[in-house]
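Enquirer: For reference, TrEMBL lists these features for the protein:
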type	residues	note
ACT_SITE	Lys195	active site, schiff-base intermediate with substrate
ACT_SITE	Lys248	active site, schiff-base intermediate with substrate
BINDING	Cys120, Cys122, Cys130	Zn(2+) binding site
BINDING	Arg205, Arg217	5-aminolevulinate 1 binding site
BINDING	Glu233	Mg(2+) binding site
Amino acid sequence: MAFPITRLRRLRKNEISRNMIKETRLTRDDLIMPLFVRPGSGVQNPIKSMPGNYQLSVDLLVEKCKALYANGVQSVLLFGIPEHKDEHGLVACHENGIVQQAARALKKAVPELFLIADVCNCEYTTHGHCGTIIDGDVDNDATLITLGKQSVSLVQAGIDMIAPSDMMDGRVGFIRQALDSNKFEHMPIMAYSAKYASAFYGPFRDAAESAPQFGNRATYQMDPANSNEAIREVEQDIIEGADIVMVKPALSYLDIINRVKNEFNMPVCAYNVSGEFSMVKAAAANGWVDEERITMEILTSIKRAGADMIISYHTQDVMGLLK
Ligand code: PBG
């Protein structure tokens with residue numbers, strides 16, 4: 001009878017030795033909480049498909065952020081739902097735009113909280129597409145102009161990092177130039193570099209009221225079938241000056257996160273998107289899975305795949321479990 005010389009179970013026997021050989025540790029530093037802000041005061045609209053998430057007016061957003069910060073959340077990603085939309089999303093470039101108002105209020109009330117703003121037009125256009133429509137499709141170069149204006153305006157209001165999610169070609173370079181020529185050369189850009197045309201964004205479009213009114217986003221977001229193309233997208237954003245590159249969604253794209261981390265010496269962010277969150281909440285509400293364990297497993301797996309940081313709606317729920 002041959003005994004195994006190598007017994008991997010030896011180090012699993014004791015919790016202390018299990019912790020000694022733990023390869024991936026999720027910490028509070030890794031997580032970014034997305035939040036939705038809308039006009040008004042005292043407004044707290046529950047987002048039905050995303051339990052525990054709300055559209056908040058600026059006053060309640062401030063209260064929410066104070067509580068999050070006290071619980072260990074250090075960074076939030078802001079999305080705006082404006083009072084009025086227009087054809088080009090110009091409403092998002094205004095100094096009194098909804099995210100600009102939120103940024104000013106948050107910088108006053110919770111100055112240590114790190115503020116990231118999503119830069120895109122889909123929440124701000126009447127048609128729900130991510131840019132200016134010409135001949136029935138989003139026009140790349142016309143859209144760059146609104147993205148540049150939106151970015152400068154957000155930074156002027158106090159945002160600490162810009163996160164363009166539109167997927168126009170050349171937008172990182174264009175925004176970089178717009179920021180630099182306004183003396184914001186130190187303002188970092190976290191680019192949604194490999195952003196897929198995904199059904200996992202379903203609940204978000206309710207939350208942000210940003211569903212396209214015709215067609216879909218396949219002419220600008222990536223085909224889920226592609227991996228080499230993700231590398232080209234990331235490479236391009238790095239050349240144009242991105243400081244952090246992002247893969248989105250996360251769970252069906254762990255291979256992409258891993259490839260990006262291995263091929264580039266860059267900080268990588270992964271977005272654990274709305275549909276991924278809602279599936280967990282729905283299954284947990286039915287008692288089909290253990291929510292705490294499955295959430296920790298998901299977030300740890302995204303980090304193990306290569307993400308240095310994770311944007312997740314679970315952030316507020318897991319702070320108590322992390323150091
Ligand atoms: C676009 C944007 C989207 C998300 C983040 N930024 C939606 C889209 O591309 O349709 C999705 C995030 C999520 O599903 O959680 N502004």
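Backbone N, Cα and C atoms are what each Cβ position is placed from, and that goes for glycine too.
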Enquirer: Of Cys120, Cys130, Arg217, Lys248, which is closest to Lys195 (active site, schiff-base intermediate with substrate) if I measure between C-alpha atoms? They're all recorded positions.
Expert: Lys248
Enquirer: When you measure from the Cβ of Cys130 (Zn(2+) binding site), which residues in the chain that are at least 6 apart have a Cβ under 8 Å away?
Expert: Cys120, Asn121, Cys122, Val138, Thr143, Ser165, Asp166, Met167, Met168, Arg217, Tyr220
Enquirer: Taking the Cβ of Lys248 (active site, schiff-base intermediate with substrate) as the centre, count every other Cβ atom within 10 Å, in any protein chain shown.
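Expert: Other Cβ atoms within 10 Å of Lys248 (active site, schiff-base intermediate with substrate): 24.
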Enquirer: Using the Cβ center of Cys120, Cys122, Cys130 as the Zn(2+) site position, which other residues in that chain lie within 8 Å, going by their Cβ?
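Expert: For the Zn(2+) site, the extra neighbours are Gly89, Asn121, Glu123, Tyr124, Thr125, His129, Gly131, Ser165, Asp166, Ser210.
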Enquirer: Here are some recorded positions: Lys195, Arg205, Arg217. Which one has the most Cβ atoms within 10 Å of its Cβ?
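Expert: Sorting the candidates by Cβ neighbours within 10 Å, the top entry is Lys195.
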Enquirer: What count of other C-beta atoms do you get within 10 angstroms of the C-beta of Cys120 (Zn(2+) binding site), across all chains shown?
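Expert: Counting Cβ neighbours of Cys120 (Zn(2+) binding site) within 10 Å gives 28.
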Enquirer: According to DSSP, does Lys248 (active site, schiff-base intermediate with substrate) fall in a helix, a strand, or coil?
Expert: strand
Enquirer: Taking the recorded positions Cys120, Cys122, Lys195, Glu233, Lys248, which residues show a Cβ-atom distance to ligand 1 below 6 Å?
Expert: Cys120, Cys122
Enquirer: Going by DSSP, is Lys195 (active site, schiff-base intermediate with substrate) part of a helix, a strand, or coil?
Expert: strand
Enquirer: Tell me, by DSSP, whether Glu233 (Mg(2+) binding site) is helix, strand or coil?
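Expert: Note: Glu233 (Mg(2+) binding site) is helical by DSSP.
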Enquirer: Per DSSP, Cys130 (Zn(2+) binding site) is which: helix, strand or coil?
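Expert: Once the DSSP labels are grouped into three classes, Cys130 (Zn(2+) binding site) ends up as coil.
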Enquirer: Using other CB atoms within 10 angstroms as the count, which residue among the binding-site residues Cys122, Glu233 scores least?
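Expert: Among the binding-site residues Cys122, Glu233, the lowest count of other Cβ atoms within 10 Å belongs to Glu233.
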